[in-house]
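*Asks:* Can you read through this structure? Questions will come right after.
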Amino acid sequence: MKMTRRAFVKANAAASAAAVAGITLPASAANLIASSDQTKITWDKAPCRFCGTGCSVLVGTQNGKVVATQGDPEAPVNKGLNCIKGYFLSKIMYGQDRLTQPLLRMKDGKYHKDGEFTPVSWDVAFDTMAEKWKASLEKKGPTSVGMFGSGQWTVMEGYAAAKMMKAGFRSNNIDPNARHCMASAVVGFMRAFGIDEPMGCYDDFENADAFVLWGSNMAEMHPVLWTRITDRRLSHPHVRVNVLSTYYHRSFELADHGYIFNPQSDLAIANFIANYIIENDAVNWDFVNKHTNFTQADTDIGYGLRDDDPLQKAAKNPNSGKLTSISFEEYKKSVAPYTVEKASEISGVEKEKLIELAKQYADPNTKVMSLWTMGMNQHTRGVWMNNLVYNIHLLTGKIATPGNSPFSLTGQPSACGTAREVGTFAHRLPADMVVANPKHRQIAEKIWKLPEGTIPPKPGFHAVLQDRMLNDGVLNCYWVQCNNNMQAGPNINTERLPGYRNPENFIVVSDPYPTATAQAADLILPTAMWIEKEGAYGNAERRTQAWYQQVGTVGDAKSDLWQVMEFSKRFKMEEVWPEELLAKAPQYRGKTMYDMLFKNGQVDKFPLEEARELNDDSHHFGFYVQKGLFEEYATFGRGHGHDLAPYDVYHTVRGLRWPVVDGKETQWRFKEGSDPYAKAGSGWDFYGNADGKAKIISAPYEAPPEVPDSEFDLWLCTGRVLEHWHTGTMTRRVPELYKAVPDAVCYMHPEDAKARNVRRGEEVVIANKRGEVRVRVETRGRNRPPKGLVFVPFFDARILINKLILDATDPLSKQTDFKKCPVKITKVA
């Protein structure tokens, strides 16, 4: 590649941006900018490996290794910018403890539950797995096997895994770690609109007059999108930024209005805003009358705990998602109790501030963008909160037009594209279909060439239930891919670790590194990372992006896709299907599950010649695997509002936002003129619902399952920091990021620290009924909790803070609440 003046300017711009951000570029990147080595580096595009923003990066490879990355200036998402994690993407694959071969617990030369991890071949690994799976299937049937996947799976990996589980093993016991982050958003979308994923797009950032962050610290969790809000705010003086949270963080630095509310009281605030809109005649009646219906949610629905838990037994309508049609007058009556006085009393937010927030929503001339992520979704009433925010936008008609957008942000690179769109949840199928719907199962069975009745109608075990079933010995063979749930999930000591170490169970973990989850497993499989394989992700604005494999894997690591497909070869159809199904499909007798799933004339229809020379998976299987899987998967959504472009197109663009119809992407869904599925003359068409109308759903404030008391007198909130991503599996192996933030700390109000005779930097014990951890106290810095609350990030494997979290979930979405549980803090003597 010749070093043109344009390339030189771009390269130096990257260096300048890094310097401004306080970043020292890796030596390889510095050489790229300063020396003739530039000519030896090959560049290609790929979406970033981290969050759900979907930034595109340019990846520089040399001698079979990634040596540099930089922001992609052609990308509409990030326009050449990266966050600090993105600047160091080149180092995530090269940690010193990268796993390079399968490791099986062995003793005296054979597998043993309490044995030491011993290197084995892939054949030994898969033979051992298959032996365990076959024994479990024969003894207990399909519900005894399960899989826990990821919003970091590529589209093809998630699709292959879901197909293997639901069509091959006939088990719906597959769930992604997106259950912990996006499940409440999914259910909220489905209840209100009958279809999943945001109606808006990132272009809304340049059009909104007011931004409202509901429990989201975008400055650290979505920093590139935060730059777009910052630019809009600083270049347009009329724009206002509102930040609601249970503690102060970096997003407050830009906020015109900051609101610190009591945990769980966001429900009361949202209902107050709806009441304010009604009482101040700010309802957009033309929109409401034409495009909405009013419904009432069942209340007192419990907390997703075990059935014998006293809180669950006390609930009047445990786990009920029933909606009852009501009139506007009934809806008005339901929100009337949420006066500003009542909302202020519950939330702790001053009345004047609440009114200021409500006015911005009520003003017909103010375009409002509401944004949220884990603060709203990781909530025992997360689905309700999603719907209460939609209510506000629907009452005012501020939806699906530029700058008017209720926008759920995602935390993982393909939580949308893989977990949600592919349907790797225990209850879902691709394109918003569900296993409980006979018509949906019939569609899937037709596309997958399955006999009727193959896919079980009952949803499988969701993430938290998988832990309980492992613990109880109901789920016995379990495969974890592309996540670190032993560190990320709740209530580790009581529910998760006992299930992993249950002698009846066989646990397999596929990961590039020896995580806490891997170390609790029986078999560890080394996994290819990011651009060591070809794949596709789908980001928060419905943008699907693809990339080519650009380097070989480290050691004998294999992609999750390769592992799923290769494992499926170990099973004859007679070993996984009953005779009644084989009688309906005699062509599968004597065939392997691999033959049925992947050599079906669809997945294997694209010849190897169409793939690039560097495509390990395709060369192993003898056909263009990624294209075949993608095109079969895309069949589900085309013509049904989830249209994807042909696979090859995605390699020529920086992503496209579905539905893609006649070669054109969709920016705003449901809006006539923008969405090809919106009927002519409709204005708005919420076509996910049969009547084309969105639901305004009434739901009240309800208290959390646990609150502080005299013994456990502080709230604990867990979350992330800018420099690390989730459990730190990748970022803690990047020296620059590790040095920047080497340890998790307990952010605490100075007065709470003083009351416990604790000084900044001293070690304390945080404890509750579920366990305890040791951590240093921080009373200054970026996160400043109010009195009565502490914040501890969960990236640090030495401080497994999430073991203190109760495994309470939203009863509708089954998503865990990581944002509030009572603890006590004592100084270490």
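Heads up, the Cβ atoms here are built off N, Cα and C, so glycines get one too.
Keep in mind it's a predicted model, so treat the numbers as computed, not measured.
According to Swiss-Prot, the feature [4Fe-4S] cluster binding site maps to Cys48, Cys51, Cys55, Cys83. The feature Mo-bis(molybdopterin guanine dinucleotide) binding site is assigned by Swiss-Prot to Lys85, Gln152, Asn177, Cys181, 214-221, 245-249, 264-266, Met374, Gln378, Asn484, 510-511, Lys533, Asp560, 718-727, Asn802, Lys819, with sequence analysis given as support. Marked as substrate binding site by Swiss-Prot on the basis of sequence analysis: Phe794. Residues annotated as domain '4Fe-4S Mo/W bis-MGD-type' in Swiss-Prot: 41-97. Taken from Swiss-Prot, the feature signal peptide covers 1-30, and the record attributes it to sequence analysis.
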*Asks:* Rounded to the nearest angstrom, how far is the Cα of Cys48 ([4Fe-4S] cluster binding site) from the Cα of Lys85 (Mo-bis(molybdopterin guanine dinucleotide) binding site)?
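*Replies:* That separation, Cα to Cα, works out to 9 Å.
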*Asks:* May I have the DSSP-based helix, strand and coil counts for the residues of the domain '4Fe-4S Mo/W bis-MGD-type' (41-97)?
*Replies:* 7 helix, 20 strand, 30 coil
*Asks:* Considering only the binding-site residues Cys48, Cys51, Phe794, which residue has the minimal Cα-Cα separation from Tyr248 (Mo-bis(molybdopterin guanine dinucleotide) binding site)?
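*Replies:* So, of the listed binding-site residues, the one sitting closest to Tyr248 (Mo-bis(molybdopterin guanine dinucleotide) binding site) is Phe794.
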*Asks:* About how far apart, in whole Å, are the alpha carbons (Cα) of His726 (Mo-bis(molybdopterin guanine dinucleotide) binding site) and Cys48 ([4Fe-4S] cluster binding site)?
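*Replies:* Cα of His726 (Mo-bis(molybdopterin guanine dinucleotide) binding site) to Cα of Cys48 ([4Fe-4S] cluster binding site) measures 15 Å after rounding.
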*Asks:* In whole Å, how far does the CA atom of Met374 (Mo-bis(molybdopterin guanine dinucleotide) binding site) lie from that of Cys51 ([4Fe-4S] cluster binding site)?
*Replies:* 13
*Asks:* Ten-angstrom check, please: count other Cβ atoms within 10 Å of the Cβ of Val721 (Mo-bis(molybdopterin guanine dinucleotide) binding site), all chains counted.
*Replies:* 24
*Asks:* Using the Cβ centroid of Cys48, Cys51, Cys55, Cys83 as the reference point for the [4Fe-4S] cluster site, which residues of the same chain not in that list have Cβ within 8 Å?
*Replies:* Phe50, Thr53, Gly54, Asn78, Asn82, Lys85, Gly86, Pro223, Val224
*Asks:* Averaged over the domain '4Fe-4S Mo/W bis-MGD-type' (41-97), what pLDDT does the predicted model reach?
*Replies:* 97
*Asks:* In which DSSP state, out of helix, strand and coil, do we find Glu220 (Mo-bis(molybdopterin guanine dinucleotide) binding site)?
*Replies:* helix
*Asks:* I need the nearest neighbour of Glu220 (Mo-bis(molybdopterin guanine dinucleotide) binding site) among the binding-site residues Cys48, Cys51, Cys55, Cys83, Phe794, using C-alpha distances.
*Replies:* Cys83
